[in-house]
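Undergrad: Sharing the record's features from Swiss-Prot:
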type: BINDING; residues: Cys6, Cys9, Cys26, Cys29; note: Zn(2+) 1 binding site
type: ZN_FING; residues: 6-29; note: zinc finger
type: ZN_FING; residues: 68-108; note: zinc finger
type: BINDING; residues: Cys72, Cys75, Cys100, Cys103; note: Zn(2+) 2 binding site
Amino acid sequence: MSDRFCKECNNLLYPKEDDNTLFLACKNCEHIQEAKSHRLYVKNFRPKHASIELYARDLVQDPTLPSVKINCGNCGFNKGLYFQPRGGEEDVALSIFYLCCRCYHLWT
């Protein structure tokens, strides 16, 4: 049985903190056990090439991305970001993408 379920009644265990120690507690039978890991939830963010447009506004706000003076073909603004997406496809991984800081237009 997984450590996410109560060993006594098989109900789901919920995180509970006491004295800076993480426990997993059952709300049904009050069984408590110390958590094996301090990690409660993991969210892996691995966007695909087609979804870059969905998070373009977040990319513009990222101060770690390098900026470049380049004219946008969509609105003519002269500041953009450039980055190399991490993807499984070799041809995408070798491309450099530019993103307009004003209209969020994306081009290679």
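Easy rule for this one: first residue shown is 1, then count along the chain.
Each Cβ is built from the backbone N, Cα and C atoms, and glycine gets one as well.
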Undergrad: What does DSSP say about Cys100 (Zn(2+) 2 binding site): helix, strand or coil?
TA: strand
Undergrad: Cα distance, Cys103 (Zn(2+) 2 binding site) to Cys6 (Zn(2+) 1 binding site), nearest Å?
TA: 52
Undergrad: For the zinc finger (68-108), jot down how many residues DSSP puts in helix, in strand and in coil.
TA: 4 helix, 11 strand, 26 coil
Undergrad: Averaged over the whole of the zinc finger (68-108), what is the pLDDT?
TA: 85
Undergrad: What is the interatomic distance between the Cα atoms of Cys29 (Zn(2+) 1 binding site) and Cys100 (Zn(2+) 2 binding site), given in whole Å?
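TA: Approximately 56 Å lies between the Cα of Cys29 (Zn(2+) 1 binding site) and that of Cys100 (Zn(2+) 2 binding site).
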Undergrad: Which has the fewest other CB atoms in a 10 Å radius around its CB: Cys6, Cys29, Cys100, the listed binding-site residues?
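TA: Looking at the binding-site residues Cys6, Cys29, Cys100, the Cβ with the fewest others within 10 Å is that of Cys29.
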Undergrad: To the nearest whole angstrom, state the Cα distance for the pair Cys103 (Zn(2+) 2 binding site) and Cys26 (Zn(2+) 1 binding site).
TA: 50
Undergrad: Using Cβ-Cβ distances, find the residues under 8 Å from Cys26 (Zn(2+) 1 binding site) that belong to the same chain and are at least 6 apart in sequence, listing them in sequence order.
TA: Cys6, Glu8, Cys9, Asn11, Leu12, Leu13, Tyr14, Ile32
